[in-house]
Amino acid sequence: MKLPNEIEEYLVSRNFSENTRSNYYYDLVYLQAFFEDKSVTEEALELYKHQLSKLSPAAQRRKISSANQYFLFLYENKKINQFFKIKQVVQKKTQSSESYHPMIKEFPEFYGPLSCPGQFLALLILEFGLNFAEIQKLKWENFNWNFKYLTIEKAGIKRVLPIREKFAIRVKAIKNADELFAKSRQFLYTELKKFTNYSSKEIREQYILHQVKAGKTIYELANLLGLSTITTLEKYYR
């Protein structure tokens, strides 16, 4: 069975940012080129995986993840009559000096009754992975409480982030959020510090860790965070 070229259709069907779309595009063009003169078989998939072994482990995992999502799309849309999946590369254990595995925290204290601006800021960072610069650009109208999503625009790219109910029930009654969003970075820093000893960077990292644990690919996570590259996220996928 030949591999049909449905790359454009696949990308159109996904709500990717321009950068994420570009990453998927090049991964899939690489896949398509390999199968140009080959049939899709389990043996051919093993050959493809072997070819990827020349790349870094992180690059191998990204290309395999992209290929597997594409195969699923083709199968679900009846473009191929058999579902194929490439087995992910085994993540080799590295020395402790090279590995990076911070502990995931739940922060139950963040989800008590809303008591101060610092708590609201902590929730924004933990729930959406926002930094102070992004919080300063927020408007209360960006929160759609009916359909539970937050719209953020950065560098001309819109991100639509889901709002969890445990966040909504604690903050949607706020009346003066725009006043907080208009404050200086120093003000936001001070208010957060009044509420918790954790820095905005530490809380944002917890958002990243929870998304990795939930199974988000490195490209999907970069899209959620509005990042133009995946470089800063690679350490979480080693």
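Placement of Cβ uses the backbone N, Cα and C atoms for every residue, glycine included.
In Swiss-Prot this protein carries:
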- 1-75: domain 'Core-binding (CB)' (DOMAIN)
- 90-238: domain 'Tyr recombinase' (DOMAIN)
- K154: active site (ACT_SITE)
- R204: active site (ACT_SITE)
- Y236: active site, O-(3'-phospho-DNA)-tyrosine intermediate (ACT_SITE)
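Everything Swiss-Prot records as a feature, shown here on the structure.
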residue	record	DSSP class
K154	active site	strand
R204	active site	helix
Y236	active site, O-(3'-phospho-DNA)-tyrosine intermediate	helix
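Each of the active-site residues K154, R204 was scored by the number of other CB atoms within 10 Å of its CB, and the largest score is that of R204. Remark: secondary structure over the domain 'Core-binding (CB)' (1-75) totals 53 helix, 0 strand, 22 coil, with classes taken from DSSP. Geometry remark: Y236 (active site, O-(3'-phospho-DNA)-tyrosine intermediate) versus R204 (active site), CA distance 13 Å. Here the C-alpha separation of K154 (active site) and R204 (active site) works out to 17 Å. Taking the Cβ of Y236 (active site, O-(3'-phospho-DNA)-tyrosine intermediate) as centre and 10 Å as the limit, one finds 17 other Cβ atoms among all the protein chains shown.
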